[in-house]
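Undergrad: Copied straight from TrEMBL:
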REPEAT    A:52-84  repeat 'WD'
REPEAT    A:142-183  repeat 'WD'
REPEAT    A:184-227  repeat 'WD'
REPEAT    A:228-269  repeat 'WD'
REPEAT    A:281-313  repeat 'WD'
REPEAT    A:314-346  repeat 'WD'
């Protein structure tokens with residue numbers, strides 16, 4: 001066993017040296033240096049364009065529908081609401097049998113939603129437009145974990161769901177049968193977030209957890225193919241860069257970081273001395289130039305991904321920002337907060 | 001100091017630290033107190049560092065003074081604007097609004113408080129603030145019981161001081177507590193009296209300060225209705241916070257009869273020992289990492305820059321959307337245009353960026369397919385689409401679909417026979433014997449590469465695509481005219 005330990009340690013050192021690529025003074029590049037020649041961004045005027053009120057308690061999660069205007073949101077009081085956020089009308093609502101619904105997702109077809117939380121499950125609800133819709137009646141229980149459900153996402157179809165849980169695992173499920181298709185073990189603590197790679201042929205996803213690690217998985221084999229550990233605390237959110245070659249993370253250590261899959265390392269860090277509260281949720285603008293991050297200090301910081309500078313700070317929420325997603329066509333982003341509201345910004 | 005340089009230093013320091021450490025070992029015991037690394041504690045320590053520096057007069061802290069007022073002196077206070085100035089100077093904050101916001105959060109967490117208000121925010125003016133005593137700091141993990149709160153409110157009513165008069169919401173709270181604790185109110189009353197006796201012994205100035213700090217403590221744990229309760233926790237992080245070994249301590253040192261005197265002993269979580277298997281897995285993983293061909297940093301940076309530069313014109317946050325951003329103009333015209341079958345030039349241009357862009361866009365996919373059909377070479381794309389569709393099927397339908405795809409594209413004499421090299425064909429025929437969602441994965445990958453270098457390239461050169469790109473159509477369509485008109489007029 002000691003031999004194994006030494007071997008592992010040698011390989012570790014070896015790997016670190018590999019990355020230097022022969023540079024004698026071990027100089028570390030960050031994207032910002034190379035991006036010095038890139039034009040700086042102008043001033044941004046981003047405002048709240050819609051405020052969605054209706055939840056009775058902390059909003060914990062939200063997701064966009066592919067139609068670019070509908071969203072689903074879930075809250076601590078067990079309510080899950082589907083809104084047409086353009087008109088701010090509530091279109092569907094269901095009350096879960098548990099509190100703290102920490103995860104929700106919209107199906108690609110727009111005809112169903114998935115959600116779960118302290119019930120350790122992920123359930124799928126078809127959306128109908130019947131007059132006296134009883135959503136709870138058509139509920140389908142799909143995923144079963146042994147601890148809270150922290151994140152869920154449909155794959156490219158309504159038929160498969162990927163989940164992340166406080167039990168330290170992720171899992172892929174067949175919606176129709178509820179069967180477990182693949183499980184992903186490797187995190188040393190609760191998994192808090194996941195994101196599917198944006199490729200048309202992609203079979204990978206990234207997850208982040210309380211073990212400070214971000215791990216990239218092969219959906220087919222269940223194996224972890226890459227792992228990153230540079231954060232100092234829980235990783236609350238992970239999101240792919242639109243090209244799929246990199247991903248960003250937001251952590252309780254008050255920083256966001258960019259990891260590149262081809263370089264197999266962290267390539268940028270977004271932090272400021274005055275930002276001391278954790279980042280709860282991150283997402284990219286369509287071109288990947290901007291990174292929007294929601295924080296536990298009630299603000300949203302907008303980062304220039306290439307230059308590493310913060311370009312804007314958005315005030316408005318009156319409590320922690322818990323969830324943040326950019327709309328499918330990039331025209332706006334939505335933030336959900338512990339102040340019971342959701343805001344659309346553009 | 002430019003931000004990027006600062007970031008570099010941090011990164012390299014961390015790297016040094018990582019190298020010095022042993023590799024990730026599941027069994028290595030956490031030498032640090034696990035509660036120290038909990039998310040809440042990380043923030044508390046940062047705030048504590050800030051308020052400690054703020055109070056340090058040797059290193060440019062805020063001016064804390066005793067202020068004379070009508071009949072008395074106000075000890076140990078600092079103005080809101082002094083705090084705001086200090087934050088701006090020492091934390092490199094350029095905007096006063098940001099400093100006020102951070103200061104308000106530090107107050108809301110309970111580290112600094114206005115001496116004449118229950119509401120914990122920071123104002124950028126002459127309002128007086130005081131620093132909280134370390135005894136009351138949130139990092140001590142107080143979870144004060146209602147009995148303590150009752151004792152506190154009760155003792156406030158016993159002292160005949162204007163500044164200690166109960167606010168309306170406090171009076172309501174007291175009434176509610178009296179009802180809830182009706183049976184043991186005598187006990188609570190006695191404790192309150194004992195506290196008053198202790199307080200009387202203290203120096204007048206000291207009492208003023210302590211009273212205000214005690215009040216601020218309760219403003220955090222029993223906030224004014226409508227104010228954020230900063231003690232609320234994210235339930236996902238709670239498990240690490242609760243240390244069962246700690247006795248629930250009373251702020252007033254009160255031990256209730258019902259509480260056990262000795263710490264509760266809970267069996268510790270069995271730590272999973274690292275097995276040889278774990279090491280083997282780790283070595284395999286590390287070997288895979290070493291073998292992986294990694295791109296140099298400079299190449300990676302160039303690639304990220306190139307991607308954003310290519311897509312920046314499509315990013316509504318940077319390049320305003322045409323005709324308008326629906327969220328800003330309240331006009332959904334943009335979405336209506338996108339729904340129509342007539343793709344804009346900009347949209348068509350995007351299909352030329354990569355084959356994924358064509359495949360991702362339903363209109364692009366359709367155009368691509370139609371072009372290939374016109375050349376009688378659509379079987380590859382149709383196969384690719386069929387396999388994509390296979391992966392979206394419910395489990396129970398998979399076997400049937402696998403068979404259907406085989407018959408149409410791969411079986412000897414298939415109607416739409418695709419061209420696979422013999423190796424892939426062999427592998428696929430084996431896979432088909434045990435049908436699953438990934439049966440055609442290798443074949444699909446092969447066909448994808450083929451299309452990319454052959455069909456896709458031809459599509460981009462085709463008249464069909466070029467015409468769309470240049471918005472040329474036989475009998476120029478009204479749609480593109482309208483679009484151009486809109487773009488010019490906005």
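Glycine is no exception: its Cβ is also placed from the backbone N, Cα and C atoms.
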Undergrad: Name the range, of those listed as A:142-183, A:228-269, A:281-313, A:314-346, that has the largest tally of Cβ pairs under 8 Å with the repeat 'WD' (A:52-84).
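TA: Going through each listed stretch, the top one turns out to be A:314-346.
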Undergrad: Using DSSP, how many residues of the repeat 'WD' (A:142-183) fall into helix, strand and coil, respectively?
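TA: Helix, strand, coil within the repeat 'WD' (A:142-183): 0 helix, 25 strand, 17 coil.
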Undergrad: Report, as numbers and ranges, which residues of the same chain sit near the repeat 'WD' (A:228-269): CB under 8 Å and 6 or more residues beyond its ends.
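TA: Answer is 19, 29-32, 192-199, 202, 206-216, 275-284, 286-288, 291, 293-296, 303, 305, 308, 324.
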Undergrad: For the repeat 'WD' (A:314-346), give me same-chain residues lying six or more residues beyond its boundaries with a C-beta closer than 8 angstroms to one of its C-beta atoms, as numbers and ranges.
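TA: Tertiary neighbours of the repeat 'WD' (A:314-346) are 46-53, 55-69, 71, 73, 75, 83, 85, 237, 280-287, 292-302.
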Undergrad: Mean pLDDT for the repeat 'WD' (A:184-227), rounded to an integer?
TA: 95
Undergrad: Quick check on the repeat 'WD' (A:314-346): DSSP residue counts for helix, strand, coil, in that order please.
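TA: Across the repeat 'WD' (A:314-346), DSSP assigns the residues as follows: 0 helix, 16 strand, 17 coil.
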